[in-house]
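What TrEMBL records for 24-46, 78-103, 115-134, 140-157, 164-183, 214-232 is transmembrane segment. Under the heading domain 'Peptidase S54 rhomboid', TrEMBL lists 76-205.
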Amino acid sequence: MSNDQLTPGTTAPQTAPPGARRPVMTALIAVNVLVAIAASVMITIADGFDPGLILLDGVSPLHEWGEMSGKAVDGGEYWRLFTTLFLHYGLLHLLANMVLLWLAARRLEPALGSVPLLVTYVLSGFGASLAVYYTAHDSLTAGASGAIFGLFSALLLTGLKQRLNLWLPAILLAFGVVTTFVLPGMSVAAHAGGLLVGAVAALAYTYATSLRTAILTATAVILAALTIAARFL
């Protein structure tokens, strides 16, 4: 049985076999890169070729349409809760996030499964966007880091359950937390939201005894967290 067919609560092999396929990881990286290329082309057409804009802080029409904005979401632009996951402020921002995505997903996808990885990624990104909406409503944010933080926590919890080597998830989590508070421009809300939802998803997939229990557990915890956030933040 392949890892992709594992049901929640089933223990996967401790290490991925050589050449193990990681279609979701590959697809996520490819989509992010293609979107970044499109944004760079748009910036070049609009402002001419400027390496500073392309590498560091370029904002294209794609960003204006898809970056996370609480005010825009209030106006009915709900797609921003998801499209923001595939937008980056410059190629260096993209490179940093794709390296982290590769480090986490290359271990997590064989252990957890492709579909669970995708669900965890999307839900973590959505949780990151909601955290920004409630706690940094007027800010403009973009990037995959919230979803990637969800993979960090999912990798750690999956590793604990399956008795994998934990040095990588521990290092990734420590690196993520430190850079969140040290580097300027980091969204604490997005990283915290993604981290929380990723942990919930991993608990549901790795510790629940059936798919139904996994879905109900994840849904209940996420809804409770969102209700608390809506009430107090």
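Quick reminder: no glycine exception, Cβ is built from N, Cα and C everywhere.
Automated prediction, rather than curation, is the source of TrEMBL annotations.
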Distal contacts, the transmembrane segment (24-46) - CB-CB under 8 A, six or more residues away: 53-54, 58-63, 86-88, 91, 94, 97-98, 101-102, 105-106, 109, 114-115, 117-118, 121, 144
Within the domain 'Peptidase S54 rhomboid' (76-205), residues counted as helix, strand or coil by DSSP: 103 helix, 2 strand, 25 coil
Model confidence over the domain 'Peptidase S54 rhomboid' (76-205) (mean pLDDT, whole number): 92
